[in-house]
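Student: Straight from Swiss-Prot, here's the annotation block:
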type    : residues                                      : note
BINDING : L75, G102, L121, S122, K123, L124, T125, L126 : S-adenosyl-L-methionine binding site
Amino acid sequence: MENNLQVNIFCIQKSDEFKTCSEKYSKLISKYATLKEINVFNKKIALAQNLNAIEAKKSYEEAFMPYKKGYCIALDEKGKDLTSIEFAKLIQDKNELSFFIGGAYGLREEFNQSLDFRLSLSKLTLAHQFVKTLLLEQIYRAFCINNNHPYHK
């Protein structure tokens with residue numbers, strides 16, 4: 001299968017406790033798309049997070065701005081709830097997908113509104129490290145749905 005689709009996941013995290021699980025889904029996704037996972041955590045973000053939520057969110061946005069390309073999706077607890085089938089339809093027929101996972105303070109409302117879509121994986125507040133793993137699984141599931149693979153039953 002030819003991988004014409006580019007999937008980018010941009011996140012802000014110090015460590016990846018779920019690395020083994022994330023790698024499993026990254027490998028499975030590679031059958032359907034080229035996947036890039038980019039952690040943009042830097043010293044400026046670390047300092048801003050120690051100041052306050054406003055400065056932290058500004059630093060996240062500055063780190064993410066150069067990567068706004070393709071169909072851009074913010075992961076946001078206030079975003080739209082989708083079923084796996086609805087998510088599969090959302091990402092179908094796109095050439096490039098860019099997902100943005102905020103840090104400990106989430107993302108600024110203005111940044112979220114500047115993107116193409118806001119997706120909620122849950123109404124619960126989730127650790128951003130876990131969100132990436134959950135997102136990878138749902139991307140893989142969506143590809144399986146769109147390609148009639150039996151993974152999604």
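Glycine too: its Cβ is placed from the backbone N, Cα and C atoms.
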Student: Which site among L75, L124, L126 has the most other CB atoms no more than 10 Å from its CB, taking these as binding-site residues?
Tutor: L75
Student: Who sits close to T125 (S-adenosyl-L-methionine binding site): which same-chain residues at least 6 apart have their Cβ under 8 Å from its Cβ?
Tutor: E77
Student: Any same-chain residues 6+ apart from L121 (S-adenosyl-L-methionine binding site) with CB under 8 Å of its CB? Would you list them in sequence order, or say none?
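Tutor: Result: L75, V131, L134, L135, Q138.
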Student: How many other Cβ atoms sit within 10 Å of the Cβ of K123 (S-adenosyl-L-methionine binding site)?
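Tutor: Neighbour count, Cβ to Cβ under the 10 Å cut-off: 9.
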Student: In this structure, which of the binding-site residues G102, S122 has the fewest other Cβ atoms within 10 Å of its Cβ?
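Tutor: Selected from the binding-site residues G102, S122 on minimum Cβ neighbours within 10 Å: S122.
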Student: With the S-adenosyl-L-methionine site defined by the record as L75, G102, L121, S122, K123, L124, T125, L126, how many Å span the farthest pair of C-alpha atoms?
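Tutor: Greatest Cα-Cα span of the listed binding residues: 16 Å.
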